[in-house]
Structures are given as structure tokens and as C-alpha cells.
């Protein structure tokens, strides 16, 4: 009897949501509270220089003093405002952006928490990496929708596809251990009548998501404030710190990651269990496998185009077989779609934002020179990566020979295309998607240089706060943007 049985395991969903809301709200309101306190201690008159000594502040705002006129808010900010606003915006954007896969049943709270911290750190130090994974997952989800719709399963949506690819469905054969399956494996099982089509709606899947509307509103407000403030400061000729520029780059990259993960549920803890009346031997015909018995359909490991371990002949042995969760660093092996163009634009935009600090004033000439070098390295290496990756993918897919035959020998072109189609349909895609030797030898040193340059830009963002231009402390005059006669 084939059936779909949702688990009854309870994970404290309401408490988790309440804790997230309190944390995000507190972080967002804390700088406003601090600014109000700063306003009370600094608004002594039109000249900010007269309110620096603490004695003047205490005498002006003592309990025996009454002020009989309107007190304007000071038009300047402190170092704490710059530091806190940037850090909080980075934290909120990376925290709310993450949509990690379903954890294993044995994963403890500390394990899930450490995993989330790790991916948050990755989203701060290298936000282009979560963006790359999100783009690959979006591509596979879209491909899954096309595959299911081709068999008249018209209600299969991107949400169901994301849910399946994140380990939302656990397969139980008549014998053997249960294991998570992705959308491609589920499609094969459904088409071959080994399981019934999972009749779960988009609303039911979205109900499992822990990211509510209020969290998104707080995140959108904080991110919009930083972006609008940076644009307004540039228009009014006010200095922007390198910390704010770094925060802007991370936030923009996180926003584009969220676009790819728009339909992916967040923080799903419990999967849906799919049962089959067939044995594993009937389904797999006793094929060899490394991660799950359904490896012959599709593997839940990292994509071979980004996995250098097979190229270096380093076998990857999972700690438990079959694996009990789909890893978050799984890059689906379908990187040659429309998302590649968007991903190329997004990564180039992320590095170009750092180049926008070219004319900034730095504490020293050496720091300015290093910023110029490192920002150009980030942009140049990213552009070089896309050139090398495109050339390597064309090598793996045989496109160079296709172009050659198109120009010099069109008679052999048709036979070449047939040969490529047969190879794609009959051979496993491991060898086709392994990094070619020159790709590995070229990208590895560039990646090291990229990491060093990225580290300097982050370090300089905090080091610059010791000596910044005076206009960096002036607030934006928002009234200047209001049309008036």
C-alpha cells in the first residue's frame, strides 16, 4: 500500500518564531533608541561644538531646567550609528536570506545552530557563494516543474520542487533504511509507478516555512534604509564609509539570493514520508550506489563541476549510508541555463560596488592604493572566472567542436550532434562535468588571490573608522528631496 504520512514530531515552531521576531525587532529598534538618547545628550543648540563637554549637557538638560522652544534633532551621527546600522543590516539580511535544507532526524539543536552560523558567515565573507547555490537550486526546481508538467502533473509548482530538492520527501521502500530523495528521483519513482504522486498543495508546503511576513517586513525596512541612505548621501555629496559600502554590497547580493529562493520554504524541520510496497531490489535492480540507492537516477552530492575531490582522486565517504539529509552545499548539475547570465551579472555587480569606492578618502595613501588593487582584483578575477568557466563548460559539452564543424565541415555537424545527444542520454554525467585540468590549474590560484583581496576589503572597512572624513558624520537632509516652491 503506497501512502504519504507526515511526521508528528514537534520542534517548538511557535517559540522559534517568537524568538526570531523579538531578535529582529530588537536589533532594528536598538539604534533608534540609542539615537534618541544621543539626541537628548547632544541637542544643546544650533552649534554642535558647544555641546561636547558633559558638564554643559548636564546643565542644559538638568531636571530643574525647562525648555520653552522646539528642539531640533542634531544633523550628525556618531561612529556607533555607522557601525551598528551596518552590522545589524548585514546580520538581518544574511539571517533572513538563508533557506537551509531539511536537517537529518538525529541532528540536535546545537548542530542545526552551528550549521546556520556557518552559512551566515559564508553569506558575509563570500555572499556570492550562497547566491551561486541558490541559482543552481532554482534551475533544478524549474527543470523539475517542466518534467512533472510533461506528465500532466500540472499542480507541481516551484514550491513543491524546492521542497523536494531540500530533502522534504523521505522515501521508505518495503525493505531497507529510509533516505531523502530529490525532485528528479521522485519524478522517476512516480513515472515508473513505484510511488504515488504526492498530492501536497503549495499552501501546505508553505505552512511548513518558519519565515513569516513580519520578519520579511523588518528585513525589507532595514535593507531599504541602508540602500536609500547610501544613494542619498552620494547625491548630497556626503562621505560614505567603506563599512557602509561593504554592507551595501552584501545586502544587494543577499537580495538577489532571496530572489532565487523566493519559493523555497525556510527552516523546515520535518519531512514528509513516502512509502512504497516495492523492495529496493525491484526498484534499483541491485545497482551500485554511494550516497543513496537511487544514485543511478541522480546523486545528492555536490555537483561535479564544482567538486575538485574526484579530480584529485580523493574519495568522499559519507559518515552514514544512505545519507539522512541532502547537504546544503549540493550544487545541482545543471549550471548551463538562463540563471547563469543573471548569476554572472549579480557577481560582477557585487564586486563592482567595491570599485565604486575608488574616489573615497582613506586614512593613508597605502590603504587607498590597497583598496584600489583589491577591488580591481575582485572585479577582474570574477570576470576571468566567468570566461574560464564558459570555456570549460563548452569543452565539457563539445561546443568548441560544434563551432569548428559549423564553420569548416557542416557535413559532419549532424553526426556530431547525434553523438553528443547519445552520450548525454546514455552516459553518467560524472566525467563530463569534472573540472578539466587547465580549469583547475587556472581557477585555483585566482581563488586564493580573490580570498586575500576580499579579506583586506573587510578588514579595511573597520580600520577606516579610526579616521574618516568629517562629512561622514553628517546626516542626510531628507527635506531637500521634498519638492517645494
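Just so it is clear, glycine is given a Cβ too, placed from its N, Cα and C backbone atoms.
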Which listed span TrEMBL calls transmembrane segment, if the choices are 338-357, 398-417, 458-477: 338-357
Of 116-135, 136-155, the range TrEMBL labels transmembrane segment: 116-135
Beyond the flanks of the transmembrane segment (369-388) by at least 6 residues, Cβ under 8 Å: 128, 242, 344, 347-348, 350-352, 354-355, 357-358, 360, 362, 439, 442-443, 446, 449-450, 453-454, 456-457, 460
